[in-house]
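What Swiss-Prot says about this one:
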type	residues	note
ACT_SITE	38	active site
BINDING	38, 225	Mg(2+) binding site
BINDING	39-43, 51, 55, 83-85, 87, 89, 206, 212-214	substrate binding site
ACT_SITE	86	active site, proton acceptor
């Protein structure tokens with residue numbers, strides 16, 4: 001089921017936000033939340049600002065939502081930062097997007113370390129500029145022992161490409177006698193994906209009002225709950241995330257059963 005903006009906060013204006021957070025934490029919190037962070041460019045356009053201004057503002061929201069997800073005891077937060085299709089955007093915008101990880105981690109990494117957050121990346125890293133790769137590698141190295149929230153960036157990521165790559169590696173292992181055809185299963189294919197060490201997302205959020213998946217974690221979201229909002233990513237708040245989780249808690253997940 002797909003809902004927009006579950007009205008959890010209506011009639012609760014006199015209740016403190018912190019109390020609401022504690023109430024939500026009494027319920028089941030999705031272990032893995034994935035977010036398609038959409039609408040940065042349109043947010044900027046509405047304000048007669050360049051698109052890169054929207055991306056910069058969106059980066060501030062990443063910091064805020066990461067901290068809040070950690071507070072809620074979410075185990076994995078995957079953020080769709082840059083797709084394999086995003087290279088088609090204007091060069092100036094792409095160049096800025098490739099600078100963002102360096103800028104983001106340059107200012108936020110100490111806080112991530114303090115918050116016990118572990119940074120990971122999925123996607124084709126070999127095509128990223130050297131400075132972008134180095135920034136991500138530094139963050140992963142300095143947080144690899146952290147045991148709190150896993151902040152997983154999907155950077156130059158495309159799900160179809162991921163699945164093709166997984167099948168190619170599986171076929172290579174089969175040719176080398178490491179895999180038998182009769183052994184191939186969902187679990188085996190999952191083990192070849194970039195997310196092999198992570199649970200599948202239980203909740204997928206997309207901002208900006210678009211109702212599509214955009215080649216994001218197609219295998220992993222087979223049983224995810226979807227939550228869409230018209231809010232552009234730079235305007236996304238802790239309250240919106242709490243709304244999404246509360247909506248998730250009110251749904252019945254049957255996994256094909258009755």
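Easy rule for this one: first residue shown is 1, then count along the chain.
Placed from the backbone N, Cα and C atoms, the Cβ positions cover glycine too.
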Completion exercise
The rounded CA-CA distance in Å from residue 39 (substrate binding site) to residue 225 (Mg(2+) binding site) is 21
Practice task
Have a look around residue 41 (substrate binding site) and count the other CB atoms within 10 A of its CB, chains all included.
Solution key: 21
Handout entry: Packing count at residue 225 (Mg(2+) binding site) (other Cβ atoms within 10 Å of its Cβ)
Key = 20
Problem - Distance from residue 86 (active site, proton acceptor) back to residue 55 (substrate binding site), taken between C-alpha atoms, in Å - result: 13
Fill in the blank from the handout: Least crowded of the binding-site residues 43, 87, counting other Cβ atoms within 10 Å of each Cβ, is 87
Completion exercise
Comparing the Cα of residue 206 (substrate binding site) with the Cα atoms of the recorded positions 38, 86, 225, the shortest distance belongs to 38
Fill in the blank from the handout: Between the C-alpha atoms of residue 87 (substrate binding site) and residue 38 (active site), the distance in angstrom, to the nearest integer, is 16
Completion exercise
residue 43 (substrate binding site) and residue 225 (Mg(2+) binding site), compared by Cα position, are separated in whole Å by 26
Practice task
Name the secondary structure element type, per DSSP in three states, that contains the residue listed as 'active site'.
Solution key: coil
Fill in the blank from the handout: CB contacts under 8 angstroms to residue 38 (active site), restricted to the same chain and 6+ apart in sequence, sorted by sequence, are 206, 207, 208, 210, 232, 233
Exercise for the section: Give me the Cα-Cα distance between residue 41 (substrate binding site) and residue 86 (active site, proton acceptor), rounded to a whole Å. Expected result: 13
Completion exercise
Rounded Cα distance in angstrom between the residue listed as 'active site, proton acceptor' and residue 213 (substrate binding site) is 14
Problem - Distance, residue 225 (Mg(2+) binding site) to residue 213 (substrate binding site) (CA atoms, angstrom) - result: 12
